[in-house]
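K.L.:
What TrEMBL records for this protein is below:
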{"type": "ACT_SITE", "residues": "Tyr86", "note": "active site, proton donor"}
{"type": "BINDING", "residues": "His142", "note": "substrate binding site"}
{"type": "DOMAIN", "residues": "53-312", "note": "domain 'NADP-dependent oxidoreductase'"}
{"type": "SITE", "residues": "Lys111", "note": "site 'Lowers pKa of active site Tyr'"}
Amino acid sequence: MSTISSVPQRTGCLWTVFGLRFHLAKLVFDHPTPIMMSKTSFALNNGLAIPAVGLGTWQSKPNEVNEAVKYALQNGYRHIDTALNYGNEKEVGEGIRASGVPREEIWVTTKLDNPWHKRVAEGFAKSMSDLDIGYIDLFLMHFPCSTDPEDSTKHLPDWDYVKTWQEMQKLLDMGKVKAIGVSNFQVRHLEKLLADPSCKVVPAVNQIELHPSNQSPKLLEFCSSKGIHCTAYSCLGGTAGSAINNSGTLLEEQAIVEVATAKGKTPQQVVLMWGLQRGTSIIPKSITPSRIAQNFELDGWALTSEEADKISGVTTRFKVVGDSWMPIKVFFGDDE
Ligand SMILES: NC(=O)c1ccc[n+]([C@@H]2O[C@H](COP(=O)([O-])OP(=O)(O)OC[C@H]3O[C@@H](n4cnc5c(N)ncnc54)[C@H](OP(=O)(O)O)[C@@H]3O)[C@@H](O)[C@H]2O)c1
């Protein structure tokens, strides 16, 4: 178990290829032969490595997500992202088992839902039971928000995310989860958590919304300085046409289209590569086989630093996930 005192502080992003670790930016921009992005992983602060490319499953409909998971795993993916809140862990587990890929080759992330903050062990047990895959690789606190299970409009008066983390730390001793982390944590949440004497384990991962229209540079830098790896969610800009995605036009941004055209890639692929080259793992969601395959075609090419900068120059700003449905504010607009 990694503790605050024993975790080495990392200032740069480490990238693991065939067991060797490199500084990502140096590797990508200085290496004459582009690396196999789909096969690589990022080193975590507990000695494990998270596969760089995963399949997202939020809003994947029943009877679709099991097939999507199975297809992804049979076509090279080794990382699946789900959550109790998505209501699809049973189907995700079915897809994993049906894939025929050995369990130990797969990284599975799931998340504790807000109404379960005071019942961490039970929430974890429910995910374990629904997934039915023996163990969980990464268990995240979905939001820093402890919702009253009886009334979702109320925050629990006597319970916040620091207490939830205390309970999550205990899960590591049970041997059924390899790493614990957080999601949707802003700098102020992490500062409070890490400063609390009860915090013995630095979160391995902070899973946050990251795409060219929500780049969060301060949060990324803060996490890097504390040895916390970031996974980018809604890394394609979210589900186009969904009521909660107020843009849907990210992939039509001129800069992104120009880079994609120059590379002979799709706008989705260059946005995914941009995320990887920032040192974040990515978890694009799709239930469409051709798109699942396309999103994994990230080998043998890379963005030049000029191309990456051009995508970073996108000025349109939007967020896919907000906090208006939660009883407390989680996002503050200071780095989103
Ligand atoms: N921690 C959190 O709070 C949190 C919040 C949001 C998301 N997440 C995770 O992050 C994952 C990804 O985020 P997201 O689901 O918001 O959105 P996303 O991955 O940015 O975008 C998904 C949308 O893009 C479409 N798509 C995927 N690949 C495509 C391609 N190559 N060409 C054209 N369209 C493509 C999908 O359509 P089809 O499926 O129809 O193909 C879907 O509509 C989620 O599924 C979830 O696992 C976590």
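In case you wondered, yes, glycine gets a Cβ from its N, Cα and C as well.
What does the local environment look like for each feature on the list?
P.N.:
All chains included, 20 other C-beta atoms sit within 10 angstroms of the C-beta of Tyr86 (active site, proton donor).
In sequence order, Ala83, Leu84, Asn85, Lys111, Leu112, Asp113, Asn114, Ser183, Asn184 make up the list of same-chain residues 6 or more apart from His142 (substrate binding site) whose Cβ falls under 8 Å from its Cβ. A coil conformation is recorded for His142 (substrate binding site) in the three-state DSSP classification, outside any helix or strand.
When Cβ atoms from all protein chains are considered, those within 10 Å of Lys111 (site 'Lowers pKa of active site Tyr') total 26, not counting its own.
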K.L.:
Which state, by DSSP, holds Tyr86 (active site, proton donor): helix, strand or coil?
P.N.:
helix
K.L.:
How would DSSP class Lys111 (site 'Lowers pKa of active site Tyr') in three states?
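P.N.:
In three-state terms, Lys111 (site 'Lowers pKa of active site Tyr') counts as strand.
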